[in-house]
Amino acid sequence: MEKRVFLFAFTLVIILQNLQFPVANAQTKGRIVTVLSLDGGGIRGIIPGTFLAFLEAKLQELDGPDARLADYFDVVAGTSTGGLITTMLTAPGKDNRPLYAAKNITSFYLEHGPKIFPEKSRNNFYSSITNMLGGPKYDGKYLKSLIQGLVGNLTLNKTLTNVVIPAFDIKRLQPIIFTSKDAKANVSKNAQLSDVCLGTSAAPTYFPPHYFETTDTEGKIKTHDLVDGGVAANNPTLMAITHISKEILLGNFELVDMEPLDTNRMLVLSLGTGIAKLEEKYNVKDATKWGMLGWVYNNGATPLLDIYGDASSDMVDIHVSTLFQSLRNEKNYLRIQEDTLSGDASSLDIATTMNMQTLIQIGDSLLKKPVSRVNLESGRPAGPSQLKERELMKKLLLALQSCFQMKGSYANSNRRVTLTLGIYI
């Protein structure tokens, strides 16, 4: 019987449900590190948002209605729209609990998407010509006001779990990686969350670059001239893993007995925002006719950004897959990506009601599809996994039994404990 994505999610829930809130200097010997990674993709953030709502709902069935994803993941990484979702899930709100529940992510896009990506800016011929010659497609004023209203003056060091959010500094021509770990250690890196979100979301040709300043303890100003994090890492999974390894080397990570790149003790869930791989959106026949403007603007799309974004995401998946496979821990890494997008659904900025409902349906359909690995040569699915139901149920029963025993043993402890369980996909 084909094992489906929702069964992986159920297994993941079993592991995550066994986690308790961490405290400083807690004994964490043998514990697994949990990582959630969220790709960039504009309005297509609805797709992973749908999956996250499902996952959090399952955790709430086990741990109660107050359970939130930030309670279960040690590191949450996000680029562009994924960075915005990361902030929504990890920024503190009332009673120091996450600002948003995962179930509210989709409604956030439905409400604000049409104002972030106004249709008049897409379909106006004069605006299209102006955009090709100078100025971004959208002025970004609504997005800026929205994000600033959302997180106010909250800073990066206040997130409820460790976050990793990339952007690209066009003045220095180098990636900038914002992390809550760095923010707590260095005041000049403790940017406001609103600035981080606006920086990682400033997609070239779509939104204006974002500028802000931070100040160190001596009063020296550090400038930031940022564009979208997707320029550097549209898929931030590898960035999250290297962040963990760096912190371990520096002796700053909570796990005192863990080695860098110990994939046996990592559980990584990487969510894409969908690509149009099977549609074969572009080809040499058409691209041969493109000049500089054609690569930047073609029938409402931006081929150059599509290509760089998808290439970046796929290369990270290849590297991470190879890393986990080479260390014989491929069962601890799951990449969920819809590669059959077509038409409006593959766009970064078509926020019509019809298209957003389509994206919700695509997210829902991911929960019903057989899990498959990507063939690293062809880029196509390699075929569904063939795990018999009784084998999976045996593992789940053992996991539930172990969770019950652990929860009984640690009922009065604040320590975070985790069951080591292979994830078969």
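Positions of Cβ are set from backbone N, Cα and C atoms, glycine also.
Automatic, uncurated: that is what TrEMBL annotation is.
Annotated signal peptide per TrEMBL: 1-26, in sequence order. TrEMBL lists 36-241 with the feature domain 'PNPLA'. Under the heading motif 'GXGXXG', TrEMBL lists 40-45. What TrEMBL records for 78-82 is motif 'GXSXG'. What TrEMBL records for Ser80 is active site, nucleophile. Annotation source TrEMBL lists active site, proton acceptor at Asp228.
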Checklist entry - Going along the chain, which residues at least six beyond the ends of the motif 'GXGXXG' (40-45) come within the CB cut-off of under 8 Å? => result 79-85, 105, 109, 113, 116-117, 200, 203, 206, 228-230, 234, 272-274, 309, 341, 345-351, 355-356, 359
Item to check | Separation of alpha carbons, the residue listed as 'active site, proton acceptor' and Ser80 (active site, nucleophile) (Å) | outcome: 6
Checklist entry - Tell me, what is the mean pLDDT of the domain 'PNPLA' (36-241)? => result 92
Item to check | the motif 'GXSXG' (78-82), counted residue by residue under DSSP: helix, strand, coil | outcome: 2 helix, 1 strand, 2 coil
Checklist entry - What is the three-state DSSP composition of the motif 'GXGXXG' (40-45), stated as helix, strand and coil residue counts? => result 4 helix, 0 strand, 2 coil
